[in-house]
Every structure is written in structure tokens, then in C-alpha cells.
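What Swiss-Prot records for this protein:
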DISULFID  CYS52-CYS67  disulfide bond
DISULFID  CYS59-CYS71  disulfide bond
DISULFID  CYS66-CYS80  disulfide bond
SIGNAL    1-22  signal peptide
Amino acid sequence: MKLTCVPIVAMLFLMACQLITADYSREKHGYSAEKSSDKIQDSFYSKLTKGCTDEGGDCDPGNHNCCRGSCLVLQHKAVCGILYTMVSR
């Protein structure tokens, strides 16, 4: 009887250790995956906004680097802006 109980208790102990370790590693792995996902997302958005010039800033007409609107050439200077047209009624 004692010889049968010892292996059963040992197996239960090892299974409990394995389950605890699996839960711990899953949480730790999930955190690192979430962290790397945030890094990828941040680099994606930084690439989208890189080189974007705000309204009124100097721009290159051939590069299309304005955040909003387009690159307008006004009095020998190129600036980002939105061209509004006035319509008379």
C-alpha cells in the first residue's frame, strides 16, 4: 500500500509543478508578445508620419510630404496648405 501511494503522490506533485510552471510561462510569454506587438505598431505609425510637414511649413512639390492639403508654390516659396477657392453667387 505504501509503495503504491509514494509514486502516486510523487506524480501528483510533479503534475502540480508542471501546471504552475506552464501558467507562469504562458503569462510571461503573453506579455512579451504584447510588448513586441506594441513595438511593431509604434514603428508602423512612425513610418506613416515620418517626413510629414504641418500646414504652413516648407515642403517639396515633388515629394508630397504635407500632412494635410498639398504643397503650394506661393511667391517663390513652397508651403503646405489647403487651397480654398472662393465662389461668388
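For all residues, glycine too, the Cβ spot is worked out from N, Cα and C.
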Counting Cβ atoms within 10 Å of each candidate's own Cβ, which of the disulfide-bonded residues CYS59, CYS80 comes out highest?
CYS59
What are the sequence-distant neighbours of CYS52 (disulfide bond), meaning same chain, six or more residues apart, C-beta distance under 8 angstroms?
ASN65, CYS66, CYS67
Which state, by DSSP, holds CYS66 (disulfide bond): helix, strand or coil?
strand
Rank the disulfide-bonded residues CYS67, CYS71 by the number of other Cβ atoms within 10 Å of each Cβ and report the first-ranked residue.
CYS71
Round to the nearest Å and give the CA-to-CA distance linking CYS80 (disulfide bond) with CYS71 (disulfide bond).
5
